[in-house]
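Here's what TrEMBL has on this protein:
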DOMAIN    9-341  domain 'Kinesin motor'
BINDING   GLY97, GLN98, THR99, GLY100, THR101, GLY102, LYS103, THR104  ATP binding site
REGION    370-409  region 'Disordered'
COMPBIAS  373-384  compositional bias 'Basic residues'
COMPBIAS  390-407  compositional bias 'Acidic residues'
REGION    498-518  region 'Disordered'
COMPBIAS  498-507  compositional bias 'Basic and acidic residues'
Amino acid sequence: MSKSKSSESVKVVVRCRPMNEKERTAKFERVVSVDVKLGQIIVRNPKEASANELRKVFTFDSVYDWNSKQIDLYDETFRPLVESVLLGFNGTIFAYGQTGTGKTYTMEGVRNDPERRGVIPNSFEHIFTHISRSQNQQYLIRASYLEIYQEEIRDLLSKDQSRRLELRERPDTGVYVKDLSSFVTKSVREIEHVMNVGNQNRSVGATNMNEHSSRSHAIFVITVECSELGVDGENHIRVGKLNLVDLAGSERQTKTGAQGERLKEATKINLSLSALGNVISALVDGRSSHIPYRDSKLTRLLQDSLGGNARTVMVANIGPASYNVEETLTTLRYANRAKNIKNKPRINEDPKDALLREFQEEIARLKEQLQKRSGKKKKRSQRRRAGEGNDGEDLEGETEDDEDGDDKGDYWLEQHEKLERERKAIMEDHSLVAEEKVRLLKEKEKKMEDLKREKEAGEMLAAKVKAMESKLLVGGKNIVDHTNEQQRMLEQKRQEIAEQKRREREMQQQMENQDEETLELKETYSSLQQEVDIKTKKLKKLFAKMQAVKSEIEDLQAEHICNRQDLEQTQNELTRDLKLKHLIIENFIPLEEKNKIVNRAYFDEENEHWKTKPITRIEDDHQMMSRPLSAVGYQRPLAHHAHMAMMTKPWRYKAENILMLNMDMPTRTTKEYQEPVIAPKVAAALEDALRDEDDIQVDASGFYSSLGPTPPASASGKPSKCPLILIRLIKHLSHLLSFSPSIA
Ligand code: ADP
Ligand code: MG
């Protein structure tokens, strides 16, 4: 599957920026000198300068001073790397250094200024030029852009900037960012647009952009997929991934005085960077079998680039002024260590997740569909021609005929005209009944609609194929272009020069080394005095060297102590935190509960978090535990203990959970009886009438004869004086009253 190559070291170059305006006006001393020829950086320590001429010398693959041009850096250092990405290797470029030393300048440079463009825009140009010159190859270029800030990954190209992404690992493709968006780009302009969008998003949400960018890592990823016909007659796909990393500022984050959240924040900011340092140390050490890639998101993501299968270039950026000397030395030491990392680059051939393969398959599928459609049409039109005028029903059938494009337009036009003609014929045909005419017309109209729809669908399919094909880039179009050819020659020459420079530098470095070693062997002394002189000189030289090494050791020790103090401080803080939590657990959480939680806790390797398992009846059974059955005869579940206790203390368990269940009465629809109101006149009359007979003083002796044979006997036997009219009234009333029994 992949061609392996022997291992190669991480390439480390150092770039020193010019003095800036502020440093010049403040008249800061320049302590860094750069020997471009020898590839050396020489740092004078201003504090020790008076004592003796102690200089620190660091040698790298190549070094660049303040006059270096972006394009020179690109041609000499980055172009070979991008070239190998185009061949299917993975490649990574890191920019490391203190804030303000030119990391972003090196990676991105100044936009809209071709002279001062950084690696990223230059690589765009390089990649697309390469494609335009290629022959018989298909390319697919994708770009992604992400940022790591406080150990959180943000997709700089996604619409939702508040979302945080997770890292995932697959055995076949390694570590990747889940749900990271990537955009297929077809030209330099498009990929530049992607970068600009990402840069804008980077500043969104950051209150202080300078601070934010100095504390976060930005990674621009370009994936180059290339498909080419191999000697075996099959298409082979190579995938190269280029990571362009602008790291956070390497300066020590001040933790002094920070506590709690602020301290955690400060620790987190540089976590990725210190983890990177640890990974480098572990890789270089050679003794440690464990490389702590998993300590941070950055090192996990770039695992391939550090001791893996990628090609890696690290640019260490430094400043020249005296007040930065400590940081400059730290950066140089860091870079010096990184030189010794060994990678084993190899070409990624036919990986499973190549998007290009998916694209090719999809295009083939769509094309087949399109062909089926046109095949159908052709058959139909052929049939029509043969049967002249005998039209009507559709014929469902597929032919494998090829049909060329210009035939298509004719077909649609022909069909349309034919339908139109038929419509007219129907309109003019007077022999048809009106109803029949309408029906036929409708039928024709429907057919025209169908025709239109079919045509549209065909066009859509063709457009889709075209859009997909346009994403696959092929070269070879302007290969004969004269200016292009010249440009290429120029580039080649520049590359040759760069290569020559590199070789020269290497030779010089070697010579320097050999000089020292062979000095002794070559020399023959003519006199004792001369021998003394020469040996004294040599002794002096070696002594100076020893002094340098000694001071280097001292420096390293000092730095080590500093680091150690830092770690100890962090450790103390963490221990204190832990103790507090223990205290709370011991004193406030019942042992039983604690054990339960401990049993449920597990470490999620994927997300690197402690989590608690859901409560399950049986271990590894992911069903939630079901509610236990009620105790027979009771309303709710009952523990055995409670069940027993109920026997002895029934009142203790009685009042629990009892509902009052009185009946709900319906609202009343009847009323109490109310006495009717009697008019006052009637009442008075009644009153009168019902008075005791004794009280009535009426003489009615003269009326008897007319009323009846016998006069009403009065209780007293006295002749009644009541007039006849009154008696009648009374009789009438008593008759009335006999019907309303409730009057009482
Ligand atoms: P960093 O990203 O490391 O914090 P920058 O790239 O933002 O630093 O650089 C800080 C400033 O120094 C910028 O204004 C940049 O233009 C300038 N600068 C850095 N390196 C160079 C260089 N090699 N030549 C000219 N200007 C530079
Ligand atoms: Mg920057």
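In case you wondered, yes, glycine gets a Cβ from its N, Cα and C as well.
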Residues among the binding-site residues THR101, LYS103, THR104 that border ligand 2 - Cβ under 6 angstroms, in sequence order: LYS103, THR104
Cβ-based isolation winner (fewest other Cβ atoms within 10 Å) among the binding-site residues GLY97, GLY100, GLY102: GLY100
C-beta crowding around LYS103 (ATP binding site), within 10 angstroms: 29
CB-centroid shell, 8 A cutoff, ATP site GLY97, GLN98, THR99, GLY100, THR101, GLY102, LYS103, THR104, site residues removed: ARG17, ALA95, TYR105, SER214, GLY249, ASN317, GLY319
Close in space, distant in sequence - THR104 (ATP binding site), Cβ under 8 Å, 6 or more apart: ALA95, GLY118, SER213, ASP246
Neighbourhood of THR99 (ATP binding site) by C-beta distance under 8 A, where only residues 6 or more apart in the same chain count: ASN210, SER214, GLY249, GLU251
Binding-site residues: GLN98, THR101 - member with fewest neighbouring CB atoms within 10 Å: GLN98
Coarse DSSP state, helix versus strand versus coil, of GLY97 (ATP binding site): strand
Three-class DSSP secondary structure - LYS103 (ATP binding site): helix
DSSP-assigned states of the compositional bias 'Basic and acidic residues' (498-507) in counts, ordered helix, strand, coil: 10 helix, 0 strand, 0 coil
